[in-house]
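*Asks:* This is the feature table in TrEMBL:
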DOMAIN    300-418  domain 'FAD-binding FR-type'
TRANSMEM  7-28  transmembrane segment
TRANSMEM  48-77  transmembrane segment
TRANSMEM  98-127  transmembrane segment
TRANSMEM  155-175  transmembrane segment
TRANSMEM  196-216  transmembrane segment
TRANSMEM  236-253  transmembrane segment
TRANSMEM  265-282  transmembrane segment
TRANSMEM  540-563  transmembrane segment
TRANSMEM  596-618  transmembrane segment
Amino acid sequence: MGKMLTLLVLRLLMNLLLISWISLWIIKPTTVWIQSWRQAEDTFKHTFFGYYGLSFAVFSFPPIALSIIGLIYLSLLPQHHRLTRGGRSAAISVSRPAIINSFIGIVSCFEIIAVILFLVFLAWTFYVRVNNDLKKLMPVKTMNLDLWQLQYFRVATRFGLLAEACLSLLLFPVLRGLSMFRLLNIQFAASVKYHVWLGTGLVFFSLVHGGSTLFIWGISHNIEEEVWKWQRTGRVYVAGVISLVIGLLMWITSLPQIRRKCFETFYYTHHLYTVFLVSFLFHAGDRHFYWILPGVFLFGLDKTLRIVQSRSESRVLSARLYSCKAVELVLPKDPRLNYAPSSFIFMNIPSISQFQWHPFSITSSSSVDKHTMSVMMKCEGKWTDSVYKKLEEAADSNTKINNITIRVEGPYGPVSVDFLRYDTLFLVAGGIGITPFLNILQELACENRLKTPKSVQLVFSVRTFQDINMLVPVSPILFHPIHNLNLKIKVFVTQEKKHSNGPATLKEYLAQSQVQTIHVGTDEDFSRFQILGHESFRRLATLVLVALLTFLGLLIGLSHFFIPNEHKKHSNSMKLAASGTMTRAKEKVPSWVPDLVIIVAYVIAMTIGGLAAIILQWRRQHRETLRMTKEEVNPQGSNFTESTPIVPIEEHEIHIGERPKFKEILSEFETSLRGWSSIGVLVCGPESMKEAVASICRQRFQCFGVDDSRTIHNKVNLNFHSLNFSL
């Protein structure tokens with residue numbers, strides 16, 4: 001009861017912080033806030049905290065505190081979060097697909113509402129700022145401009161605020177270990193598209209802001225004088241040009257046409273974000289950067305923690321080579337490391353590339369395989385081709401490979417087993433998109449699950465017969481179902497025809513699958529190279545708090561040292577102001593000094609956070625080594641065991657030379673259900689496949705769950721979920 005009350009209090013605090021932060025965004029452009037903020041500045045600038053501590057507390061602290069409280073909340077949630085019958089049926093109607101477009105993808109009602117609210121906020125901010133500027137418009141003596149040109153210049157300047165709003169949210173969707181989207185059960189792979197949307201908006205508004213400013217300077221013949229100098233005070237325009245060029249370069253190389261063909265170009269170019277952020281800081285100044293700071297702070301710490309985790313090296317225990325040019329790697333893991341189905345890891349193999357990290361869905365279940373973790377990859381690029389060829393050469397030469405070193409980040413995934421809330425599951429996979437469903441099927445077969453869907457249908461679409469081999473890891477489940485799980489599989493081979501003497505059933509195809517198993521490394525390596533996973537939520541919250549206090553202390557301390565300390569000179573302030581000395585004293589401090597203070601405090605805080613993470617990691621590894629010396633484990637053995645009762649099932653279907661007709665298959669599946677049912681529709685595969693299934697779900701229901709049909713479908717509730725196997 002006490003912990004449940006704690007969860008309720010934490011949830012109220014998170015809601016309060018979020019509402020407060022959003023309210024600041026709304027009222028910040030108003031005259032009332034501007035006057036109140038000036039009074040607060042005058043009050044706090046004579047205190048120990050000063051203006052800089054006040055700005056951080058008001059603009060930057062709320063989202064960082066929300067992250068800390070959210071991590072504490074998640075650390076308590078798994079112990080009390082239980083899926084009930086009512087929880088299964090309580091589908092979030094606003095999450096259903098509303099817009100399906102090949103360019104922007106699948107957009108849910110919830111996302112449409114969020115985008116509309118954000119656009120309304122941008123319009124509100126732009127209108128209020130421009131309206132105030134035009135009322136107070138004064139000609140600039142140094143710029144020989146007409147009235148319309150001066151008005152256009154002020155409008156272009158305010159477009160920079162819209163770019164700033166996009167940048168302030170840009171990094172939140174790409175957080176991994178510190179992601180606040182976990183509170184909404186939104187996975188990293190799904191939140192990346194928000195990063196893409198915000199990045200596109202950032203580039204658009206920046207182009208309008210920068211291009212229009214350069215245009216006005218060109219008219220006034222001041223472009224060379226204004227752009228190519230590093231001003232002592234005010235905006236540093238050359239830094240703005242640098243950030244604009246780098247941002248545009250990062251956006252262009254991230255386009256799907258370039259990212260998929262030249263991943264290395266996208267990967268290395270995107271690491272210019274450090275130069276972009278520093279340039280933006282010097283251009284906009286510290287006053288504007290406090291809005292951006294929360295995302296930058298959490299992203300920097302998240303990146304530091306990922307680097308610390310990736311320092312630990314692991315080894316490949318064994319590998320499977322499939323005839324469809326797929327590779328399954330078996331990795332050692334801590335038996336206490338648990339993860340939910342549809343989780344994934346980022347993996348790096350130094351012998352292939354020192355810097356490239358690639359995400360892969362975990363195909364094994366932590367409820368079944370306590371000591372190992374498996375991932376499967378399809379050879380569709382240079383990196384995966386190199387992995388396959390390296391293992392293939394060893395298999396052909398019949399030699400044993402020793403010590404394939406890997407580095408792992410993660411695993412990352414949902415906090416709870418979300419799919420268990422549904423009565424039935426309708427799974428759709430295309431090619432290598434089967435990988436998250438291999439994990440889900442093993443989780444469903446685990447005997448310690450209290451409540452699971454009773455009926456599951458998997459539609460698996462592949463190009464060739466050889467691709468069917470990817471079902472081998474779950475073949476014991478397919479033909480020996482456990483716990484009364486009604487499992488039906490329909491396999492569609494789209495680009496081949498049936499051979500006259502070939503196998504006729506799915507069981508025969510899997511029995512003839514060509515899979516080579518390669519043992520790598522030795523048993524001694526297992527105890528030394530286990531994957532421990534990231535730190536617990538509670539320790540992550542502690543690390544964020546340590547870095548936060550370090551940054552705030554350094555920010556205030558360095559500001560007092562390098563910037564005139566008005567707290568100490570308050571007694572002489574009136575005399576200095578009367579004589580004009582204070583104005584001259586302020587001018588002696590360049591505007592980029594506070595920016596350097598922020599950078600130095602940030603770097604030291606990230607370093608302290610990284611050192612604390614290294615200490616925690618060392619302690620974990622030391623405790624694990626001591627534990628392993630007292631226990632005896634079996635790293636190579638499979639922990640999957642068949643249990644009774646075994647229920648006979650009808651033969652799975654295999655269709656050759658045709659594509660799945662999802663509408664007919666789904667209707668047939670619904671007809672087989674008796675009474676009311678909540679169906680979880682999970683799709684992982686090509687975008688065209690996701691769009692086809694999402695269209696069916698959208699046609700069935702309106703945005704807020706109003707059923708359009710009057711047939712048996714009134715008793716069926718479809719809940720669409722898209723799983724990504726590539727980022």
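In case you wondered, yes, glycine gets a Cβ from its N, Cα and C as well.
Just tell me what is around each of these and how deep it sits.
*Replies:* Outside the transmembrane segment (155-175), and at least 6 residues removed from its termini, the chain residues within Cβ reach (under 8 Å) are 25, 63, 121-122, 125-126, 129-130, 133, 181, 188, 191-195, 198-199, 201-202, 205-206, 208-209, 212-213, 215-216, 280, 284, 288, 291-292, 294-296, 298-299, 302.
Tertiary proximity for the transmembrane segment (236-253) is limited to same-chain residues at least six positions away from its ends with a CB under 8 Å from its CB atoms, namely 199-200, 202-203, 206-207, 210, 213, 226-230, 259, 262, 265-266, 269-270, 272-273, 275-276, 279-284, 591-592.
Non-local neighbours of the transmembrane segment (265-282) in the same chain are 167, 236, 239-240, 242-243, 246-247, 249-250, 253-254, 258-259, 289, 292, 296, 355-356, 592, 595, 598-599; each lies 6+ residues outside the stretch with a CB under 8 Å from one of its CB atoms.
When Cβ-Cβ distances below 8 Å are used as the criterion, the transmembrane segment (540-563) is approached by residues 48-50, 52-53, 56, 64, 67-69, 71-72, 75, 177-178, 297-298, 301, 305, 534, 589, 593-594, 596-598, 600-602, 604-606, 608-609, 612-613, 616 of the same chain, each at least six residues removed from its ends.
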*Asks:* So which residues does the transmembrane segment (7-28) touch in its own chain, when a touch means Cβ under 8 Å and the partner is 6 or more beyond its ends?
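*Replies:* Apart from its flanks, the transmembrane segment (7-28) reaches 58-59, 62-63, 65-66, 69-70, 72-73, 76-77, 80, 121, 124-125, 165, 183.
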